[in-house]
Amino acid sequence: MTPKEAKKRLRVAVTQVKRSLSPDQKEAGSMSALSRLEQLPLFLAAEKVLLYHALPDELQTAPLLEKWEKSKQLFLPVVQGENLLIKPYRRGETTIGRFGITEPAGEATLPPHEIELAIIPGVAYGFNGARLGRGKGFYDRLLEQLSCPCIGICFEQQLYPEIPVEPHDRPMDLIVTPERVVYCKP
């Protein structure tokens with residue numbers, strides 16, 4: 001089986017696992033993982049943080065956006081063509097983007113190399129930091145441009161001993177779940 005085929009199968013399996021989580025489990029898991037993230041020295045030290053506005057099946061990030069919007073410069077990705085732009089987040093100045101995701105509405109963008117910490121969504125992660133996305137390559141293309149530490153956040157059920165990788169896949173530096181922090185790079 002090719003890595004591409006293995007990734008496709010894993011996406012289907014993880015989707016089934018996430019569907020088995022109750023709304024209460026998702027909410028409690030999100031709050032626990034966000035609390036762990038907020039305590040990390042990397043997070044506390046970073047001023048310019050790239051987050052994401054979660055889809056319904058992802059670990060929810062809205063509480064983090066609300067809590068830190070006044071004390072950090074928060075940025076969200078915006079889909080433009082086949083790429084992601086980085087725009088400043090301001091509550092109330094958002095629009096619904098191409099995939100039904102809430103995005104900043106303003107015109108201002110930030111060059112990726114200016115981000116100090118990136119919180120990256122994923123379908124699944126490996127203990128070595130490998131990340132499985134949704135298969136469109138948006139984050140893969142963005143990750144190529146980032147020079148900052150990257151943290152994956154997910155439910156514990158999305159963390160695997162190993163996931164298939166391809167040459168273009170950039171590993172995460174850390175992975176945060178409701179139960180633990182996995183340090184992927186020495």
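Just so it is clear, glycine is given a Cβ too, placed from its N, Cα and C backbone atoms.
Cβ neighbour count for F138 (ATP binding site): 16 (other Cβ atoms within 10 Å of its Cβ, all protein chains included). Residues or ranges marked as ATP binding site by TrEMBL: K7, K8, R9, L10, R11, R131, L132, G133, R134, G135, K136, G137, F138, Y139.
Summarising the environment of E58 (substrate binding site), the number of other Cβ atoms within 10 Å of its Cβ, over all protein chains shown, is 19. Summarising the annotation, TrEMBL assigns substrate binding site to E58.
Cβ-based crowding with a 10 Å cutoff singles out K7 as the top-ranked of the binding-site residues K7, R9, R134, K136. You'll find the Cα of R11 (ATP binding site) roughly 13 Å from the Cα of E58 (substrate binding site).
For L132 (ATP binding site), the same-chain residues lying six or more positions away in sequence with a CB closer than 8 A to its CB are K7, L10, R11, V14, G122, V123, A124, Y125, I163, P164.
The number of other CB atoms found within 10 A of the CB of R11 (ATP binding site), across every protein chain shown, is 15.
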